[in-house]
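Novice: First the structure, which I've put down as structure tokens, then a few questions once you've had a look.
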Amino acid sequence: MLDIPQEGKIRGHQRAPSDSKEFHEVTKRDALRLLENEVDRLLQTTEPARRPALQAEMGRFADLFGRFLQEEGPALDWNKIQKLPENAVMNYSNLKAPKNEQNEIRSMLDKLVVIKLNGGLGTSMGCHGPKSVIPVRSDLTFLDLTVQQIEHLNKTYDANVPLVLMNSFNTDEDTEKIVRKYKGFRVQIHTFNQSCFPRISREHFLPVAKDFDVEKDMEAWYPPGHGDFYDTFRNSGLLKKFIDEGREYCFLSNIDNLGATVDLNILNKLVGEERASTPFEFVMEVTDKTRADVKGGTLIQMENKLRLLEIAQVPKEHVDDFKSVKTFKFFNTNNIWANLAAIDRVLRERTLNMEIIVNNKTLENGLRVIQLETAVGAAMKCFDGAIGINVPRSRFLPVKKSSDLLLVMSNLYTLKNGSLVMSPQRMFPTTPLVKLGENHFSKVKEFLGRFANIPDIIELDHLTVSGDVTFGRGVSLRGTVIIIANHGDRIDIPAGAILENKIVSGNMRILDH
């Protein structure tokens, strides 16, 4: 928890001793009041027509800030963690497929809404605009693949599954232009915007924005994490619209997770003939944790509720326990199935309560700020009948770095109706571990320029590439391959080369002649 600085106090209070509880309560109240005053001043800089909507949004921001002031730090009481009950996590292999009857499957699909989190930019991969428009396979973008998947479902079963994109102020304008190209497709596309909250100075706990002109100073604002989904989905009017249409569940996932496709076996458990007598209001897809996933959120039982535990909430002395694959076997894929009526209920009853993630940032001008965020999975404990489903690893295929892009562009996968399917030639279902050097491979354009075409990696276990390395056409990588070009040196892997369990280092330049 950050200390409330001196600027956050109103002069003239009868001060209690500075280490007393009353002092801290007074200081917190002052900090909140100062913030609310500053937010009111910001609101006065907007056109009157926009003010009521922005006022409600800023009210949610002030609530979040007030809760942040009350929290005594991120850690939870480790001793309160209970053993996961037997039935807390269902095994995907025990789920039954629906009977292959068109009408049966269509009626299930007509109870579903697909929602993609589309608030992120492609900047970390060196791309402009929304991340969802980066080409990932056969010149198709994340968004193209998503639309193809849903259109295929709608055509195959004569269904009408809508696609909803939750944009941020960073991606909204570009996305609105891009979705026009899907007009002729058999998919209804809806968009809504998540909130836009002001970043707070770490020094005096006040917004760094001078006015409400977000375009003018983008750095002063931020989208407050995907936990903001529930409120903004309701406020968009879409939650009511879909409930009125008789839809029952939304399937929500990150748009860059290419494994997050509509799964009929899970849907059958929720709304089909396999549905439980008491509905599961919240389903989190988890998968087996490997050493690569030790920082990912996990499932715990606490106060007789299933809940998400993130590394930021773990007391320092228990971080190693949290990372242990033996103690916590699963991690959260952020593929979530939630009951629409239950979302409506927790919002109406104001019982939605997600842990606050404090994200410290330094702006380009050197100003240190904090942004307060929440995670969509953290709402799990607010629902009745929440469960985890232990799904195959294939349902978690995120593209965060160019090393992930190498996998999804390779012959490891084939593309079928917008979905990536692992090649049957791969002997085992795990994906290779790929590490590409940040300096030469992190930007998509640079990464693509280093491969004449993507190597054959069907038999690859582990690839590490560091330094100035290029790959000729038709290269095959098998087993464990490590290629390290020393600083100032360059390695050109020749066309047609087969590297199997090899370490290549030093300098190897292929000259044209």
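Cβ coordinates are placed from backbone N, Cα and C, and glycine is handled just like the others.
TrEMBL: automatically predicted annotations, no manual curation.
Just lifted these from TrEMBL, have a look:
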type	residues	note
REGION	1-25	region 'Disordered'
BINDING	Lys131, Gln194, Gly225, Asp256, Lys400	UTP binding site
BINDING	His226	substrate binding site
Novice: Counting only residues 6+ away in sequence within the same chain, which have a CB under 8 Å from the CB of Lys400 (UTP binding site)?
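Specialist: Expected: Ser124, Asp256.
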Novice: Sequence gap of 6 or more, Cβ distance under 8 Å: name the residues on the same chain that satisfy this around Gln194 (UTP binding site), in order along the sequence.
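Specialist: The list for Gln194 (UTP binding site) reads Gly119, Met166, Asn167, Ser168, Pro223, Pro224, His226, Asp228, Phe229, Thr232, given in order along the sequence.
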Novice: Does anything in the same chain, at least 6 positions from Gly225 (UTP binding site), have a Cβ under 8 Å from its Cβ, and if so what?
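Specialist: Listed in sequence order, they are Ile357, Glu373, Thr374, Ala375, Val376.
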